[in-house]
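Report on the structure given below.
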Amino acid sequence: MSTTTETDSPGTAPAPAGGGPALLGRTRGRWLLLAAGLVLALVLPWVIYPPVAMDIAAWALFAVALDLLLGYAGLLSFGHAAFWGGSAYVAGLTALHWGLPFPLAALAGAGFAMLLAWPIGVLSVRRSGIYFAMVTLAFAQMLYFIVNQWRGLTGGENGLQGVPVHFFGLEAVETDAFFFYYAALPLILLGMWFAWRVVHSPFGRVLVATRDNPARARALGYDVERYRILVFVISAGLAGLAGGVFAISHGFVSLQEVAWQTSGKVVLLTVLGGIGTLWGGIVGAIVIVILEDQLASSGFEGIGIITGSVFIAVVLLFRRGIWGTVSDALARRRGERPAAEAVSAADGEEGL
Amino acid sequence: MNDPQDTVGPPGSRTVALSARGLSKEFRGFRAVKDVDLDVVEGEVHALVGPNGAGKTTLFNLLTGYLKPTSGTITVHGKDITGKEPEQIAHEGVARSFQITSLFDNLTPREHLELALQGMAGGGMRFWRSDSLLRRHRGRADELLEHVGLAGLAERPAGELAYGQKRALEMALVLALDPQVMLLDEPTAGMGREDVDRTIELVRQVAAGRTVVFVDHNMHVVGSLADHVTVLMSGEVLARGTYEQVRNDERVVAAYLGEDTHA
């Protein structure tokens, strides 16, 4: 009498079909995609002016870093310029004054970004939604004013000029943007691999749970704030790595890197590409950086109008961004359910 | 056997699993819960009943840390947990379910349970390891799914489950925490008769060796399961005792105006 009545239990519907072959297909698809991405990364400076290729790679990592926070933790930071730009200054200063090889300078910048992110994260993860965005923006603006005021160190509004590239005396890398790209690419790819590792870890699983239903995650014994602080710090570190490489590749650090427009631009790139996929940020970076470069070199003044219009069009027409829309369409053509791991920004806010 | 008033005050030889003293919660001047004393004896099934707005869910949220009391104390097995966070209370062996089904729509039932089991076992912060680590909980997860009758649906996204199945998963999640004290907020809310009977049977099974506190409007459920009943009214304890005792209590009858017969 006390045993479960299995015949009329609620779960008598058959299990969903499609285990093996579909899964295999998806795994192979992922490997193909990864291979295609790597090939693209390797040929990029052959088809695009190498410094622009470097910009794309750096912005792509920056967008991936933001996606880790926005897409997987559901937290919209509007202050990520603090980590990208803060690291850019640290990387620039250590290369300039200590002659650090550029990978170490970029890593030092990333380390600084993480140290900076810790207290900011602790103070801002108590809020979510628009409040989180505003608190992070406020902290980023504080850094902007410090950088602007501390002229002796940062050069104020003139920026930090004459940042050298040191790379163990390898002259090709130190002087030629084409070779620099290949020297810096491993750092970028390492950062992207790390983001992928985080997403597909036990931590990543919990993170998605805290995004979708924080109250329930707490009932299961997870301290949601700790998870949010940690992902904030990781995201800042990756944003810092990208900013450090960007600064060295340009040979100077401008005040623009810590300005709110930079925070806005990375949100734009990520949402445009599609959040919650990691690939989306890469696509967004390719589209926007190339678009801006084309418009700038044609002497067009109103770049912001064009990128803004593209952004509005994509958000209105394709809520899941470029990547999300394309991958959904492909999944539907193969007769699968669209990937569940990707969500729109609005869905991420519904948790509580 | 015992006088109903005996459940308050010194419990004597019986061990009190969950206890509240003078618990109050005020929202901007409105006192949703007023000076509530509650003693849940270890191993019993204790029902909280009362009309809508009586403060049942507020009391639940206070007991599980989702709300902080304005005054009063809460203890679990004698340990003060007043003011602790929900996740800390979960680690103290007190697990709760939610009145409105609260799941992760993108995750499958198996993934839900793996997550819950990891929540208790620890290791969720490991961002440098593969999520295949969660598979170590798969055996236990599948046992729990079997137990609540969801074995055939282990890999379907929770968002696609039928209502009764979601409620069953909700129950499995509470069980996954292997709690000493289970707090079930309206486990049969919105269910048809058949699902209600199944849920009663399930709660009866899992109550063995545990302490259960539940809220329910369905007097059939309360009558079938509860060893003791506490009746709340406007945030205060109106009556307590066995089901038979409170059912015949004239204050309770007056409060419900016979409402207990139709549910």
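Positions of Cβ are set from backbone N, Cα and C atoms, glycine also.
Look at TrEMBL and you will find A:1-21 tagged as region 'Disordered'.
Per TrEMBL, transmembrane segment is recorded for A:31-49 (among others).
The transmembrane segment annotation in TrEMBL covers A:56-78 (among others). Counting same-chain residues at least six beyond the ends of the transmembrane segment (A:56-78), those with a Cβ under 8 angstroms from any Cβ of the stretch are 41, 44, 48, 84, 125, 128-130, 132-134, 136-137, 140, 181, 184-185, 188, 191-192, 195, 198-199, 204, 207-208, 210-212, 227-228, 231-232, 234-239, 241-243, 245-246, 249, 260, 263-264, 266-267, 269-271, 273, 275-278, 280-282, 284-286, 288-290, 342-343, 345, 348-349, 351.
What TrEMBL lists as transmembrane segment is A:98-118 (among others).
As annotated by TrEMBL, transmembrane segment applies to A:130-147 (among others).
Per TrEMBL, transmembrane segment is recorded for A:178-196 (among others).
Listed by sequence, the residues of this chain that lie at least six past the ends of the transmembrane segment (A:227-248) yet keep a Cβ under 8 A from its Cβ atoms are 54-55, 57-62, 64-66, 68-69, 72-73, 75, 77, 80, 82-92, 95, 102, 105-114, 116-118, 120-122, 124-125, 160, 163, 165, 184, 187-188, 191, 194-195, 198, 203, 206-207, 210, 257, 266. The transmembrane segment feature in TrEMBL is assigned to A:227-248 (among others).
The transmembrane segment annotation in TrEMBL covers A:268-291 (among others).
Among the features that TrEMBL reports, transmembrane segment is placed at A:303-322 (among others).
Between the transmembrane segment (A:98-118) and the transmembrane segment (A:178-196), three or more CB pairs separated by 6 or more residues in sequence fall under 8 Å, so the two stretches touch. Between the transmembrane segment (A:178-196) and the stretches A:31-49, A:130-147, A:268-291, A:303-322, it is A:31-49 that has the most C-beta pairs under 8 angstroms. Within the chain carrying the transmembrane segment (A:268-291), a Cβ under 8 angstroms from the stretch's Cβ atoms is held by residues 33, 37, 48, 52, 55-57, 59-60, 62-64, 66-68, 70-72, 192, 195-196, 199, 306-307, 310-311, 314-315, 320-325, 327, 339, 341-345, 348, all 6 or more beyond its ends.
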